[in-house]
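Visitor: This is the structure I want to talk about, given as C-alpha cells.
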C-alpha cells in the first residue's frame, strides 16, 4: 500500500481507481464507465491483431477478411469479437448518455466531462463508419459512396472536398487505404480523450442519483465499486459470448458478405444498427444540405444541454414532468432507429419527420420550458409556505 501512494505512476492509478472517493448511493447506472473502458480495450487489441492480416487493397480486402476467417488461428473469433463488441460499445455509450441526461450529469460543475463525452461519441461514429468500409462488401462500398457524397452538399467546396476524401473521382483504392489508416489511428485518439474525460471527472467527482453534493458520505472506489463493476462486466461477457458463439452475424448485414460491385446497387443501403437513428434524421430532411446539418446538429445539440436546462434541480429523479418527457425522448430515439432501418417510403418518411421534429423540440423547447415551469412552481410553493 505504501508503494501505491509513493510511486509516481502507481500513485496516479491509486488516486483515480483505488482510493478515489465516490458517493455512497451510486446505482448500476454508474457502471457504464468501466464497461466502456473494457470495450475500448477489446476493440484496440482485436483491431491491431486484425490489422496484421488485413490488406487495404480493393482487389484483396475482401479476400484478406476471408483469409482471417478461414486460415488465421481463431481469426473468426477475433473478427466476430471486434464486430460484436462495437455494437455493445455503442449500446453502452447510448445508455451512458441517457443516464447523464436523466440525472443531469451535464450541469455545472461537470460540463467539461460532458463536452468531452460528446466529442468521444462523434469520433466513435466516425471510427465505426470507417471500419464498416474495410471488409469491402456491397454495404461497405455503397455505404462509403452515399455517406461521403453528403459532403458535396457543402456550398462552394463540397465537390472538391469529396474528391479529396476519395483520392480520385470515385470510391476506390486510395479511399480504402486512407479509411484503413484513419480507422487504425482514431481508437488511440479515443483512448486519449477517455483519459481526458476521466481527468475532468476527477476534478469534481461523480454525480449521484439524488443530484446533491455527496461530500458527507463517500466510499473508496476499491473494493466497493470495483466489485460492483465486476457484476456488470461478467454479465457483459456472458451476453457477448452468446452473440459471439451462437449469433455472430445477427447485428450485421448479409449484403456485406457479397464482394463490392460498383456496377450493382444493393436494394437498400443502410449503416450498422447503432447509426440508424442519425441516418433516419438525415433522411427525414428532403434537402441534402439540410439533412447533413440536421444529422450533425442532432449530435452537437448535446453540447448545449448545460445551457438549455434552466432547472434549479439537478436531474429528473424529483421532477415528474421532466421524467415523463425523458421517457418520451427514449421512445422517440427507438422510433428513429426503426425508421432508419426501413426503406425510404411511406409511412416511414412521415414518421421519421415527426420523430426528428420531436427530437429537436425536446432539446430546444421542452427542456427550457419545463425548467421554467418547475422553477415557477417551486417559487410559488416557497412563497405560500413562508
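Cβ coordinates come from backbone N, Cα and C, glycine included.
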Visitor: When Swiss-Prot marks a stretch as transmembrane segment, which of 76-98, 145-167, 260-282 is it?
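Guide: That would be 76-98, the stretch labelled transmembrane segment in Swiss-Prot.
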Visitor: From the ranges 204-224, 225-245, grab the one Swiss-Prot calls transmembrane segment.
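Guide: Residues 225-245 are the ones Swiss-Prot records as transmembrane segment.
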Visitor: Looking only at Cβ atoms, how many others are within 10 Å of the one on residue 82 (heme b b562 binding site)?
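Guide: That number is 18.
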Visitor: With a 10 Å radius around each C-beta, find which of these binding-site residues (197, 202) has the fewest other C-beta atoms nearby.
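Guide: If we count Cβ atoms within 10 Å for the binding-site residues 197, 202, the smallest count is at 202.
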Visitor: Determine, using Cα-Cα distances only, which of these binding-site residues is closest to residue 96 (heme b b566 binding site): 82, 183, 202.
Guide: 202
Visitor: At a 10 Å cut-off from the C-beta of residue 96 (heme b b566 binding site), count the other C-beta atoms across all protein chains.
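Guide: Other Cβ atoms found within 10 Å: 21.
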Visitor: In Å, rounded, how far does the Cα of residue 82 (heme b b562 binding site) sit from the Cα of residue 197 (heme b b566 binding site)?
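Guide: Cα-Cα, rounded: 24 Å.
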Visitor: Just the number: how many Å between the Cα atoms of residue 183 (heme b b562 binding site) and residue 202 (ubiquinone binding site)?
Guide: 29
Visitor: What's the number of neighbouring CB atoms sitting within 10 A of the CB on residue 183 (heme b b562 binding site)?
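Guide: Neighbour count, Cβ to Cβ under the 10 Å cut-off: 21.
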